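Chemist: Dropping a structure here in structure tokens format, bear with me for questions.
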Amino acid sequence: MPKIPILVIAGPTASGKSALAIEMAQCFNGEIVSADSMQIYRGLDIGTAKVTAEEQAQAVHHLIDLIPMTASFSVADFVKAADEAILAIHQKGKLPIVTGGTGFYVKALLGLQNLDFQASNPEEVALLEKKSLDELVQSLKAGPQSDFIATVDLNNKQRVIRALQIQKYGLKNSASRPEYQSLVLAPDWPRQALYDRINARVELMFDQGIEKEAQQLYQAGGLSLQAGKAIGYKEFYPYFEGQGDLASVKAAIQQDSRRYAKRQLTYWRHQIPGLEWLPADQIQTELPERVSNWQKALG
RNA sequence: GGGAGUGUAGCGAAGUCUGGCUAAACGCGACGGACUGUAACUCCGUUCCUUCGGGUUCGUAGGUUCGAAUCCUACCGCUCCCA
């Protein structure tokens, strides 16, 4: 079976991925597959900078508004849903365009990441979370060792817990996945320009009424939910509990977003081999060129 | 004008009484990094300068001392209280 060509538009938050994806969809007869761990949630629109209804009218979007804000979601869920969406788009004779800020999802989608281990058991994980890191590390060391177990960061409680679950449940029968021929491009902004964009976007979110969404998420469970940890919402919780003012909430969201962008940059730089950066001030003209050359080369 | 307090690395803040173990705790920020099912998560490192030998620091200037962020003197700035 021939590889399915997909265009991936990567990059940190507020780098303009969504708009570029829409342009490419219009230009190359494509449909967009979101690779964003927060935009899959219904009701989280403003804070996740989700594409608007108008934007969705300009290009078909997949993997947005998939589940309620109280639900959990994993990379494996993403890969499964994305594979299906991409296949469907491809079969329609259209170009799948993957875009989103969740590098881990993109890495897994591109097959750069094995997902061979069994899923964790949520109840067991909840119990393990109550134990101390020390205790968890002891039981990890007491269990059967493997190459994977040896690489686990023992300071990282979350990863140690996952490792314990992997130790317990081991491998699964991995289903065969489609193979992709990908072109991965990302806008490259000067750091300060990116930060300015982030700050401005957060301002805009406040004008659009992000507080109301945050209130809903807070009431739905806040930090106890997977979605409740999203930047743009979690910073409101102390305020809802009577601490601080809106100005400090805004500043916190801006700062968390900047730091998030920094982590994303690290991820894209090192975890996605083959990713190419296009200078942001030239991307409007370079991106279509690159995509069109790529398509020609594919035949 | 009188009184009390205070000035420490990008910021906040210990250390000062009881001088050496102090290039100076800790927090924040910033930067760099990790990442196999929570990934907008979680975790790690660096953060005065350096040709890595060393050099220059704790408001400023001087003094005491073998040795000062720490003790003494003067000056400058800031805060608060009384006038």
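Including glycine, each Cβ sits where the backbone N, Cα and C put it.
TrEMBL: automatically predicted annotations, no manual curation.
Features from TrEMBL:
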- A:GLY11, A:PRO12, A:THR13, A:ALA14, A:SER15, A:GLY16, A:LYS17, A:SER18: ATP binding site (BINDING)
- A:THR13, A:ALA14, A:SER15, A:GLY16, A:LYS17, A:SER18: substrate binding site (BINDING)
- A:36-39: region 'Interaction with substrate tRNA' (REGION)
- A:158-162: region 'Interaction with substrate tRNA' (REGION)
- A:THR102: site 'Interaction with substrate tRNA' (SITE)
Chemist: Enumerate the residues of the same chain, A:GLY11, A:PRO12, A:THR13, A:ALA14, A:SER15, A:GLY16, A:LYS17, A:SER18 excluded, that satisfy the criterion Cβ within 8 A of the mean position of the Cβ atoms of the recorded ATP site; list them in sequence order.
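Modeler: Here the nearby residues are A:GLY101, A:PRO187.
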Chemist: By DSSP, what is the split of the region 'Interaction with substrate tRNA' (A:158-162) into helix, strand and coil residues?
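Modeler: Counts, helix then strand then coil: 5 helix, 0 strand, 0 coil.
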Chemist: List the same-chain residues at least 6 positions away in sequence whose Cβ sits under 8 Å from the Cβ of A:THR13 (ATP binding site), in sequence order, or say none.
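Modeler: Long-range Cβ contacts: A:ALA49, A:GLY101, A:ILE198, A:SER257, A:TYR260, A:ALA261, A:GLN264.
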Chemist: For the region 'Interaction with substrate tRNA' (A:158-162), provide the mean pLDDT of the predicted model.
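Modeler: In the predicted model, the region 'Interaction with substrate tRNA' (A:158-162) has a mean pLDDT of 95.
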Chemist: Measuring Cα to Cα, how far is A:SER18 (ATP binding site) from A:THR102 (site 'Interaction with substrate tRNA') in Å?
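Modeler: Distance between the two Cα atoms comes out at 13 Å.
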Chemist: Three-state secondary structure of A:SER18 (ATP binding site) from DSSP?
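Modeler: Reduced to three states, the DSSP call for A:SER18 (ATP binding site) is helix.
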Chemist: Other than A:THR13, A:ALA14, A:SER15, A:GLY16, A:LYS17, A:SER18 themselves, what residues in this chain have Cβ atoms within 8 Å of the centroid of the substrate site's Cβ atoms?
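Modeler: Result: A:GLY11, A:PRO12, A:ALA19, A:ALA49, A:GLY101, A:PRO187, A:ARG197.
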Chemist: What does the structure give for the C-alpha distance between A:SER15 (ATP binding site) and A:THR102 (site 'Interaction with substrate tRNA')? Integer Å is fine.
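Modeler: For A:SER15 (ATP binding site) versus A:THR102 (site 'Interaction with substrate tRNA'), the Cα atoms are 13 Å apart.
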